[in-house]
Number of protein chains: 2
Amino acid sequence: MTSPLRLGIAGIGTVGVGVIRIVQRHADLLAARCGRPIQITAVSARDRSRDRGVRLGEYAWEDDAVALARRDDVDVFVELIGGDDGPAKAAVEAAIAAGKDVVTANKALLAHHGQALAEAAEGAGGVLRFEAAVAGGIPCIKVLTESLAGNEITRVMGVMNGTCNYILTRMESAGLTYDAVFQEASDLGYLEADPTLDVGGIDAGHKLALLASIAFGTKVDFGAVKLEGIERISIDDINRAADMGFRVKLLGVAQMTGRGLEARMQPCLVPAASPLGQLEGPMNMVVLEGDSVGQIVLRGAGAGEGPTASAVMSDVVEIARGQRLPTFGQPASGLATPRPAEANTPAPYYLRMVLKDRPGALAKIAACLGAEGISIDRMRQYDHAEGSAPVLIVTHKAMRSGLDAAIAAMAGTDVLESEPVALRIEDV
Amino acid sequence: MTSPLRLGIAGIGTVGVGVIRIVQRHADLLAARCGRPIQITAVSARDRSRDRGVRLGEYAWEDDAVALARRDDVDVFVELIGGDDGPAKAAVEAAIAAGKDVVTANKALLAHHGQALAEAAEGAGGVLRFEAAVAGGIPCIKVLTESLAGNEITRVMGVMNGTCNYILTRMESAGLTYDAVFQEASDLGYLEADPTLDVGGIDAGHKLALLASIAFGTKVDFGAVKLEGIERISIDDINRAADMGFRVKLLGVAQMTGRGLEARMQPCLVPAASPLGQLEGPMNMVVLEGDSVGQIVLRGAGAGEGPTASAVMSDVVEIARGQRLPTFGQPASGLATPRPAEANTPAPYYLRMVLKDRPGALAKIAACLGAEGISIDRMRQYDHAEGSAPVLIVTHKAMRSGLDAAIAAMAGTDVLESEPVALRIEDV
Ligand SMILES: NC(=O)c1ccc[n+]([C@@H]2O[C@H](COP(=O)([O-])OP(=O)(O)OC[C@H]3O[C@@H](n4cnc5c(N)ncnc54)[C@H](OP(=O)(O)O)[C@@H]3O)[C@@H](O)[C@H]2O)c1
Ligand SMILES: NC(=O)c1ccc[n+]([C@@H]2O[C@H](COP(=O)([O-])OP(=O)(O)OC[C@H]3O[C@@H](n4cnc5c(N)ncnc54)[C@H](OP(=O)(O)O)[C@@H]3O)[C@@H](O)[C@H]2O)c1
């Protein structure tokens with residue numbers, strides 16, 4: 001098998017340019033490692049005239065990604081357009097139908113259509129790989145699918161949106177408000193065109209859904225991921241958490257419980273001294289737990305041209321070397337339909353609220369918690385200002401549903417100045 | 001390819017029992033993930049009568065590992081005996097000659113004979129895999145060989161001997177001497193039968209030699225790894241380092257420089273706030289740096305039944321799925337002969353010594369450094385006791401050879417109470 005592996009690359013933006021640079025720069029290295037050359041034969045983007053800072057003249061050009069996907073001189077279709085529908089989906093489907101292998105960095109596409117696409121690819125004898133779609137340069141798909149294949153996976157966790165981690169750690173280090181750092185992130189180009197994808201936890205939720213599928217042998221079910229964004233996290237929450245030895249992280253957790261598959265992407269408190277707690281700036285971290293291996297922690301850049309292109313090339317090299325794995329580690333047709341857990345496992349919660357400065361206010365709040373069977377571990381009033389009283393409560397282990405009921409009841413007491421912020425304290 | 005993959009396991013100690021437990025416990029999971037069952041057909045150890053806490057009755061028994069390696073009903077020979085020669089080597093050679101695939105956890109064997117064994121395996125059309133040999137449960141071999149295959153690797157680093165990391169972090173946290181913690185580690189069963197393998201850096205050096213081979217496409221050259229153990233690290237060094245924001249780690253570093261391949265396993269100072277600095281207890285960490293991916297950090301258990309068996313199973317699953325990689329990521333016959341760098345890249349050094357309490361003593365030491373062109377960043381005398389004066393010096397960037405010459409010259413001045421301790425300050 002020394003014939004070249006021929007790539008057709010659709011999308012020549014940040015990631016596409018990165019992949020082309022690697023193929024051009026490391027032709028010899030790749031040939032030595034794969035036992036055959038890697039070639040690009042054709043590319044596609046919207047605007048042919050744009051200077052992308054990379055040599056394209058030697059490649060055929062297609063305006064239409066679907067046409068690229070069907071070319072006879074393409075063995076592997078590399079989809080780097082993005083979007084959960086539209087041209088990316090059409091082109092991937094066309095490539096699969098034409099018997100091509102497919103490599104993509106598109107988490108949105110796979111979170112929504114991964115099951116159908118994987119079944120189609122496997123039915124056609126093709127492979128569909130997506131290392132770059134989850135946590136960028138961190139090789140979590142390969143590690144979970146291959147290195148940990150001898151383990152029953154007990155839990156997967158991850159900080160998988162670098163922008164959110166940048167915002168949260170920058171708020172703490174610079175003492176800035178959420179809005180100020182959000183603006184900074186925007187100026188730095190860290191935010192997606194629709195920033196809700198980042199700060200609303202959607203992008204990271206897509207990634208968690210994909211990891212959960214491999215970990216538990218279940219069909220991708222993005223709808224079952226409980227999503228909560230970081231928009232309501234204040235500098236106050238970050239400082240209070242730090243006082244208690246915690247950091248606030250947008251953390252994804254998936255675990256199989258007796259009550260079904262629990263998957264949530266939400267801001268949490270994690271111990272400041274844990275690897276997750278220590279993760280600074282726009283980095284990503286994936287934590288994989290298996291019954292034999294224990295805990296494996298992977299840390300690296302979750303985005304950017306080089307790291308993401310490195311992950312795309314990992315899939316390309318896999319195909320060039322003749323490795324042919326099912327998309328989610330076992331045949332897609334055999335994946336179980338997950339039963340989403342109705343309730344999350346109990347955990348201690350951090351609860352911050354501002355009360356009206358009235359006698360008995362705190363007692364009313366405590367009663368609301370008590371009525372749901374939630375006991376209080378610590379409670380503290382701080383920064384007592386004219387007319388209002390910020391309060392911090394840490395509960396003992398509680399069900400989120402009970403906590404939500406208690407918070408709803410608090411609203412009826414007329415002692416709240418604003419809606420409480422509730423953050424799960426995660427045992428990492 | 002739905003026929004079972006048949007394993008013959010030689011060595012039923014810590015790791016062997018772990019592998020047998022996984023195969024027995026996760027038969028269904030493994031079959032689903034591999035597309036075929038994994039079976040054990042035969043086993044071998046020295047003492048057939050020993051109760052190993054695991055069911056063995058269903059497997060054929062061989063007293064002789066070589067006979068096991070040649071059995072017709074064995075597809076993959078799993079070598080878990082250990083040792084760089086003797087029965088492990090004989091059996092692996094026999095397995096290769098008989099056309100079997102081989103999985104081993106034996107770093108000593110591969111560090112000494114990896115090149116010859118890989119060439120033999122590849123010549124015979126077999127594969128020889130060794131994920132468990134480096135950093136136990138951490139999937140660093142797969143990540144380096146596969147996930148980072150699109151990168152020129154610029155540096156690999158690792159804390160890869162959990163016992164040494166336990167000793168060094170325990171000295172700091174408990175304020176105990178090296179000897180006291182060495183005894184503790186011995187009582188906990190953390191030490192090899194020959195503890196020099198651990199504390200002398202040899203075991204970790206074996207692992208570094210294997211990583212370097214994959215990283216740089218060079219023949220395994222254990223002899224070129226500069227080894228230094230942790231035996232001379234005192235609680236004083238650990239405390240002084242901590243005062244300056246550093247931790248002492250037995251750190252392996254391999255990098256390709258203009259002057260050749262630099263590979264060293266030695267106690268170093270690393271920033272306390274870095275991932276390597278934060279690694280506590282008997283854990284391992286491997287840091288891989290590539291030109292596209294940047295820095296990838298992998299953390300996990302480097303030893304123990306479960307983690308090591310998990311890594312062995314990663315290789316078994318790879319073979320069961322039909323993945324067939326060359327041992328060091330490219331054909332062994334094409335690996336370059338590394339040119340070991342004569343000198344290490346310059347770095348700042350930490351230097352601790354005890355001087356006789358005489359006028360001009362410090363000036364003499366400074367003159368020795370100055371004569372080698374080594375300038376001093378910080379110098380401090382502390383804990384001034386009757387007749388002797390402990391001194392701490394941090395140099396600017398210096399060559400180790402120059403530093404060694406300066407230290408030799410110091411010995412001639414007759415102001416030293418004892419030989420100085422010199423630790424490289426590593427830029428991680
Ligand atoms: N950027 C990252 O760090 C990162 C990290 C992980 C995963 N990803 C994923 O990688 C994918 C690509 O991301 P990116 O950041 O590289 O995006 P990008 O910079 O916006 O590039 C998108 C590319 O797709 C092209 N394109 C758009 N519509 C097209 C169509 N109909 N036919 C052909 N080409 C079309 C664009 O063409 P024009 O240039 O002509 O407009 C552009 O070259 C996305 O799925 C993203 O989620 C990105
Ligand atoms: N333990 C770890 O955490 C770890 C981690 C990474 C890598 N490794 C590597 O894994 C390998 C095995 O380590 P281990 O800790 O499992 O060793 P172990 O507990 O000492 O077990 C060694 C086994 O080999 C058997 N054996 C010795 N000589 C033999 C012979 N001539 N023929 C057949 N069997 C023979 C022994 O038989 P008896 O039981 O009958 O004496 C024993 O079952 C070593 O290469 C080690 O470096 C170990």
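Numbers here mean position along the shown chain, with the first residue as 1.
Glycine is no exception: its Cβ is also placed from the backbone N, Cα and C atoms.
Reduced to three states, the DSSP call for A:K207 (active site, proton donor) is helix. Remark: A:K207 (active site, proton donor) has A:K107, A:A111, A:A133, A:V134, A:A135, A:G158, A:M160, A:G252 as non-local neighbours, by Cβ distance under 8 Å and separation of at least 6 in sequence. According to TrEMBL, the feature active site, proton donor maps to A:K207.
DSSP assigns A:K107 (NADPH binding site) to a helix. Annotated NADPH binding site per TrEMBL: A:K107, in sequence order.
According to TrEMBL, the L-homoserine binding site annotation covers A:E192. Its own atom aside, the Cβ of A:E192 (L-homoserine binding site) has 14 Cβ atoms within 10 angstroms in the protein chains shown. Taken residue by residue with DSSP, A:E192 (L-homoserine binding site) is part of neither helix nor strand, so it is coil.
Positions annotated as domain 'ACT' by TrEMBL: A:350-428.
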DSSP-derived helix, strand and coil totals, residue by residue, for the domain 'ACT' (A:350-428): 23 helix, 29 strand, 27 coil
Protein Cβ atoms within 10 Å of A:K107 (NADPH binding site), excluding its own: 27
